[in-house]
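Asks: Pasting the relevant annotations from Swiss-Prot:
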REGION    1-266  region 'Amidoligase domain'
BINDING   14, 147, 148, 149, 187, 188, 189, 190, 191, 192, 223  CTP binding site
BINDING   14, 187, 188, 189, 190, 191, 192, 223  UTP binding site
BINDING   15, 16, 17, 18, 19, 20, 72  ATP binding site
DOMAIN    291-542  domain 'Glutamine amidotransferase type-1'
ACT_SITE  379  active site, nucleophile
ACT_SITE  515  active site
ACT_SITE  517  active site
């Protein structure tokens, strides 16, 4: 059948949870047997989020095909089985860049390039292309209705609604209905004005999802329906909940999926949410708890480590444990010492870039090694564990990464200096190269050493994990580090690059160059995080 489109916009304020709402609806539709995908359209001018500050933008989520994308794509993959690709996320900057590139090549035959039709046509083509082959495509428009940056995207989806007709296009508007304490009531006026703004550009929402800190009374839903020209049963109340994984059931209880299927004339089975019921059961019935310290430098914005946070929670579900995450600024370890690590059941050092706070991360790895505390290093977290071991065990006292000290006499971690590009040509990469689009990215195979801890964790000889990094373990130091007792138990497909290290004299000390957090889901978990949380619980019991 022809793809049906559900366009999701937001109003009043940003960060209302459009991505979670879209992903939750997608999960219900998928549970009805439909083939579903989700696209995210970002209005900012950056070509992609790859070089944006994690403190401003949150984490950069990496897809299987190596696209650096918005963190909402992580939500999408955690809620539905469909794997996201580079087609599932694009920015206004990417659109303008490509349109201007075609203009320079003369592809517009000298025409004056305008937002309408050239920019909007490019947006529409990307949406159609990204949705191809699916029963339903949800399209989330970043930002808020009324933002200048969002106007080309809103115009594009307005045109799409006209082109494909009401039987294939449905508009959902997510809005805020605040509760005013002194007045003792919810206020619908912001929602009314937000819908008025949306209608002024030619889009009439079919469904309103109203965010509030409480369930909306039926009389307020009726009032909103009256003033926004939306069916009363299509005004959905979405109150705050203590777990985002409750939202699919919450939306289903208000027949949101039924409304969508009726609108699209879809005769499909009822949604079976038994997998989500199992997730909620595991979440609400823990048998214990562990405290894991996450040592990083972007801790003022937890969304900078969004997928790691979620992966730890998923591992807690599989172990029937509540995972309490304590964020520790790595710079504090440099200035105040490591006493803040003493009460932890495990230590995790996630990825990152730049030299700020690196010595604190090295101290965290040293503390975990010396005190037999379970340690999981991810990307930079592996590199600092390697540097620490080289300095304090292998005798390479000046060991470092060339990212932090280009003149190090023992550069145990170094820049990727050449590889093949997509056309099979050799490219040179050094410290003078552009930062954007110059990394080892996406899903790659890794061979595991039989008999190693990580082999036992995965239960497989070969795995596929996603990468996002420029620097690698320097193979010139591998033999010396192995003689000092460090184990290199995961190698790239061609056996030339180190992917995983282990400390064989430690109960659980594993560090990986890749990012396992990107493939963890609440329904399936991830073996590396599950093993890590289980080790934290064992350490807790042994220490008590």
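Positions of Cβ are set from backbone N, Cα and C atoms, glycine also.
If you look at the structure here, what lies around each of the features I listed?
Replies: Across the region 'Amidoligase domain' (1-266), mean pLDDT in this model comes to 95.
Residue density at residue 188 (UTP binding site): 21 other Cβ atoms are found within 10 A of its Cβ, drawing on all protein chains shown. Under DSSP, residue 188 (UTP binding site) is assigned to coil, being neither helix nor strand in the three-state scheme.
In the three-state DSSP classification, residue 20 (ATP binding site) falls within a helix. Residue 20 (ATP binding site) counts 20 other C-beta atoms within 10 Å of its own C-beta, drawing on all protein chains shown.
Take the CB of residue 379 (active site, nucleophile) and look out to 10 A: across all protein chains shown you find 23 other CB atoms. The secondary structure of residue 379 (active site, nucleophile), as reduced to three states from DSSP, is coil rather than helix or strand.
In the three-state DSSP reading, residue 515 (active site) counts as coil.
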Asks: Give the distance between the Cα atoms of residue 14 (CTP binding site) and residue 188 (UTP binding site), rounded to the nearest whole Å.
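Replies: About 17 Å separates the two Cα atoms.
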Asks: Comparing the binding-site residues 17, 190, which residue's C-beta has the most other C-beta atoms within 10 angstroms in this structure?
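Replies: Compared across 17, 190, the most Cβ atoms within 10 Å surround 17.
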Asks: Quick check: of the recorded positions listed here (16, 72, 517), which one has the Cα closest to that of residue 192 (UTP binding site)?
Replies: 16
Asks: Taking 14, 15, 191, 192 as the binding-site residues to compare, which has the smallest set of other Cβ atoms within 10 Å?
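Replies: Relative to the other binding-site residues in 14, 15, 191, 192, 15 has the fewest Cβ atoms within 10 Å.
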Asks: If you measure from the C-alpha of residue 379 (active site, nucleophile), which of the recorded positions 16, 18, 19, 191, 515 fall inside 10 Å?
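Replies: Close recorded positions: 515.
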Asks: Below 8 Å Cβ to Cβ and six or more residues apart, same chain only. Which residues does that give for residue 515 (active site)?
Replies: 62, 307, 351, 378, 379, 465, 466, 467, 468
